[in-house]
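**Q** Grabbed the feature section from Swiss-Prot, which reads as follows:
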{"type": "BINDING", "residues": "67, 72, 89, 90, 91, 116, 117, 132", "note": "S-adenosyl-L-methionine binding site"}
């Protein structure tokens with residue numbers, strides 16, 4: 001797969017440089033496409049509520065926002081739903097800016113300043129782990145390893161959600177500006193399988209301009225968890 005042609009550490013360093021230069025506002029977090037914010041949050045909220053109705057995660061107690069930036073998703077999607085939300089991001093300046101963007105709020109838990117290529121969520125803490133527009137920065141082996149660490153971060157019955165661009169081309173595409181890959185859906189399914197995750201729900205983002213890559217949302221459950229009653 002093409003990510004093996006790139007050195008992971010080199011890609012990660014360049015991605016950090018890119019996001020360190022991004023404006024610390026919603027427009028910066030969305031790569032200049034601020035108008036995506038409202039339809040993005042609307043569809044994501046509907047997706048989470050649908051998961052809860054189907055009992056695909058236990059409660060609205062604790063969520064984790066991976067690649068949180070200044071906290072756009074934390075503030076507008078997760079905080080209105082969950083009692084407590086932790087944030088993770090590689091860029092310290094963005095996490096620091098989140099305090100001003102979100103304000104002081106007891107629903108904000110820990111803020112982790114670390115890249116997802118090494119970040120290990122606290123074990124058995126989260127009902128929902130939300131991963132949006134950040135997985136494309138990881139090479140294949142690091143993506144699978146990250147998913148495995150996320151599984152350990154789930155409470156029993158918890159759920160992982162991946163929301164990201166997906167290409168309809170035969171092969172993934174590499175963005176030389178932000179140093180990320182847009183993977184194909186079969187490549188993502190391969191990564192899920194490598195981490196023993198089953199994709200239990202999938203939807204496509206609506207309301208985005210046609211020139212934007214398709215954005216899909218995947219709900220993932222640990223395979224062993226799903227089959228434990230049969231063992």
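If you go along the chain as it appears here, the first residue is 1 and each next one adds 1.
Every residue, even glycine, has its Cβ placed from backbone N, Cα and C.
Describe the structural context of each listed feature in the structure shown, including burial, neighbouring residues and relevant distances.
**A** Contacts of residue 72 (S-adenosyl-L-methionine binding site) defined by a Cβ separation under 8 A and a same-chain sequence distance of 6+ are given as 26, 29, 30, 37, 101, in order along the sequence.
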**Q** With H, G and I counted as helix, E and B as strand and the rest as coil, say where DSSP puts residue 132 (S-adenosyl-L-methionine binding site).
**A** strand
**Q** For the S-adenosyl-L-methionine binding residues given in the record (67, 72, 89, 90, 91, 116, 117, 132), what is the largest pairwise C-alpha separation in angstrom?
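**A** Overall maximum Cα spacing for these binding residues reaches 21 Å.
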